[in-house]
Amino acid sequence: MDNRGSSQKGSLLLLLLLVSNLFLCKSVASLPICPSGAVNCQVSLRDLFDRAVILSHYIHNLSSEMFNEFDKRYAQGRGFITKAINSCHTSSLSTPEDKEQAQQIHHEVLLNLILRVLRSWNDPLYHLVTEVRGMQEAPDAILSRAIEIEEQNKRLLEGMEKIVGQVHPGIKENEVYSVWSGLPSLQMADEDTRLFAFYNLLHCLRRDSHKIDNYLKLLKCRIIYDSNC
């Protein structure tokens, strides 16, 4: 890895350390969130958004690095990219494709859409980690990122639930998500089929993490700064 890549990764890790346990109701010496003995811990909406944006950006960077590593090691010359277009399990969720489309959507709808996308990745991320562990000579650069993304996706989902609870208190959101049925493909005996299944899943993860990152930045600007940013 070149110096620029090492520096970027170091910066991202530092940001993550700064917001470790960022959505947990704990009192931290440098950032006292809850008074001693508090029962219902509340983090400010601005802090929640700040931390969610940092975390979503971290997840997107990890997913991009993991996809690029897999592409370099396993996908060269196989023509996978032409088959991967519009074949994500989350395609059933109607998500805006760019910032202009997202700006036309009410923030309540966009918040719930983020929740649905994050929930749609719980199952595939769990199985991704399991199946990568089972790969012969699985590269640590891929496995370590898969493990980290699975953990941070759960943390981001928890944070988003807190954000929705503050923006729309009292509203119970149905746990709607897009079901993933790609496990058999990750376990196929045919190498080309199996590698494409991994490639496609990582391609979709990179795509969706980028969307969530953009949606959160837009929502933070709209809700926290009244679109004045």
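Count begins at 1; order follows the chain as displayed.
The backbone N, Cα and C atoms fix where each Cβ goes, glycine too.
Of the listed cysteines (Cys34, Cys41, Cys88), only Cys88 is recorded by Swiss-Prot as the disulfide partner of Cys204. Scoring each of the recorded positions (Ser56, Asn61, Ser64, Ser120) by how many neighbouring Cβ atoms lie within 10 Å, the top position goes to Ser56. Rounded to a whole number, the C-alpha distance linking Ser120 (phosphoserine) with Ser56 (phosphoserine) is 15 angstrom. Nearest Cα neighbour of Cys221 (disulfide bond) among the listed recorded positions (Asn61, Cys88, Cys204): Asn61. Shown are the disulfide-bonded residues Cys204, Cys221, Cys229; the one with the most C-beta atoms within 10 angstroms of its own C-beta is Cys204. Less than 8 angstroms from the CB of Cys88 (disulfide bond) sit Asn200, His203, Cys204, Arg207, Asp208, each of them six or more residues away in the same chain.
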